[in-house]
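What follows is a set of notes on a single structure, which appears directly below.
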Amino acid sequence: MNLSPSEQYILKIVFCLIGGVVIFLYQSAKISLSFRRIMLGITAGMCLLSYYHFGFPSSFIHYWEQFHYQLTSKYFQELGYDGLYAASIEAQYQIAPDLPLQAIVRDLRNNELRSNQELEEFRHQIVQRFSPERWQEFVLDNSQYLLFIKDIFGIKQSEGETKYTYLAFFDRIRQDHGFNASPTWVFVARMVSFGLPTEKQTLFYIASLDIVVILFMFFMMMRSYGFYTGCISIIIFSLGYGWHYHWVGGAFLRFDWLAAVVVSLCMLKKKHYVLAGIFLSYAVMVRLFPLMFLFGLIVKIIQSRITGKNLSWGFRFAKGFFIGILLFFLAGCFAGRGVNAWKEFALNTQKHYHFRGTNHAGLQLLCMYDKKTLEGEPGLTWNQHMQKIRKERSFLITSGALFVIGFLILALKKVEIDEAMGMGIVVIFALTQLACYYWGMLLLISVRKNYVAVIIYLLYHIGLYSLLLKYTLPDEIVYGVLMSSGILLTLSIWILPDCVLTVQETRSIFQCNKHVFRR
C-alpha cells in the first residue's frame, strides 16, 4: 500500500476527525464505558497502523538515516563526527573509479559546502585513521549503500546518455549535516548491532528497533496512566506531521530518548524516583535538550521547600539522575574514541547550534518569521540571514520566552510531580527551535487529561494537512509558522486551566487577607 503524499494527508484528516469525535463522545456519561473504551481503543489502533502505512510503507528502511547512523556508529573510532562524507567519497572512488564523483559535498568540520577537489587532502587523512583491514571493510559497507540506493532509483538511459539517478540521491545524502548523536548513543547503538554485517537483513533489524521502543513506550503509558491516557498518547503521536514515518521511520533508534522521557514520567507516577532519574538522565545524555524537563521538578521542589512539604522524593530523583549521568558518560567513553569523544561531541553540537534549518519549530521562530524574513537578504545565506534577524529581535524573543515560562510557573502550582516534569515541554518550546521530528513529544499532553487541548491539536492538524493538500508550501512556512503556531496554541490551551486555578486561588487568599486586615 504505497500511498501518495496526497492520499496520506487525506487519511490523516479522516483519522483526525474520527479521533476528535471519539474523544469528545468519550466524555459523555450517557454512553456505556465499555463501548467508549472499545471505540477509543479501535481508533488508537487504527491511527497507529496509519503511522506505519498499515505495514506497507514505500520503504521500511530509511537508507538516508541508516547511512549516517549505522555506518558512523560502526566506524565511530575512525570517522568521529567529521569523517563520514569524505570517507564515503574516497571509498566510492576506490571501488568504482568509473562512477562520477559529486562536485559539491558538505565539509563536516565546519558545515560548509565545498568542492570535492578542496577535500581531496582531507579524504586521504581520513583513510589514514583506518587500519588496512578496517578500511577495506568500510569500502565494502559503503558500496552496499550504493547498491541499496541503486535498487530504488536505478540507472536511466536517454539519447545515448547514461544518467546515474541513484548517485544524485547519494550526492544529496552527502550534503546533509552528518552524524550528530552523542557518544552514549553510539555505545548503545554498537551494543545492539555489534558484529552485524551491512546488509538488508541487518538494516531491517535496525529499523525494527524503533517499533519495539515505541510499543514499549505506549505500554508503559497505559500501565501507569490507564487505558484512556495511553490511547490518547497513541492518537497524538500517530497523527502528527513533523515526525511522520517517511521522515524518521526505518531509522536507527530515533525515539529512544522519547521512550526514556516517557518511562521516567511513568516512574515518577509510580513513585519510583531513583529509576525516574536514571531514565531521564539517559534521555539527556543522548539528546541534551531533555534536560529542560527538570524545570518543572525544580519549581515543585522550591514550592515544597516554601510550604514545608516532604522533599525526600527530590533527593531520590537527584540520586538516580546523577548516577545515570555518570554511568552514561562512562559508557560514551567506551564508544571508540575515549574521553575525547565528549569534547568532539560538544564542538559538533556547538557547530550545529548556529545552524538555522528550515524544518525547525519553536517560539523563537514565531518571533523571527514575517514576510521580510522569509524573503531573505541579498548577499547573505539563509543561515547568516537568520542569525542577523535573531540578534535584531533578541528582546522580543527573550520577552516572549519569559512570558510563556511565567504562565507555566503559575500552572505548575496545581499539578502533580510527574505532570510537572511533562510540562517541561513548554520550556523546550519557549527556549529552543528544535527540528520538527522531535515534537513527537507532544504526546506528553495526554497526561493532564485536558481533552480540549487534544481536540485543538487534532483541529490544527486538520488545517495543516488541508493546506498541504491544496498548496505547495516552503518548509519555513510549514514548520516555522504553521507547526510552531499549532504547538503554541495546543500548549496554551493545555496549561490554561491550571493557570486560571492558581490565579483564582491567589485572588481568594488575597481577598481573605484583605478582609482580615480591615477587621
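The backbone N, Cα and C atoms fix where each Cβ goes, and this holds for glycine too.
The shown structure was predicted, so the numbers you read here are calculated from the model rather than taken from an experiment.
As annotated by TrEMBL, transmembrane segment applies to 6-26, 38-54, 202-220, 227-245, 280-302, 314-335, 394-412, 424-444, 451-471, 477-497.
If you count C-beta pairs under 8 angstroms between the transmembrane segment (38-54) and each of 202-220, 227-245, 280-302, 394-412, 477-497, the highest count goes to 227-245. Simply put, out of 202-220, 227-245, 280-302, 394-412, 424-444, 280-302 has the most Cβ pairs sitting under 8 Å from the transmembrane segment (314-335).
The transmembrane segment (6-26) makes no contact with the transmembrane segment (394-412): fewer than 3 of their CB pairs lie within 8 A, with pairs spaced 6 or more apart in sequence. Between the transmembrane segment (227-245) and the transmembrane segment (394-412) there are fewer than 3 Cβ pairs closer than 8 Å, counting only residues 6 or more apart in sequence, so the two stretches are not in contact.
In this chain, the transmembrane segment (424-444) lies apart from the transmembrane segment (202-220): fewer than three C-beta pairs between them fall below 8 angstroms, excluding pairs fewer than 6 positions apart. Tertiary neighbourhood of the transmembrane segment (280-302): same-chain residues 181-182, 184-185, 188, 256-258, 260-261, 264, 311, 314, 317, 320-325, 328-329, 332, 349, 405, 408-409, 412, 415, 417, 419-425, 427-428, 431-432, 434, 438, selected by CB-CB distance under 8 Å and a gap of 6+ residues from either end.
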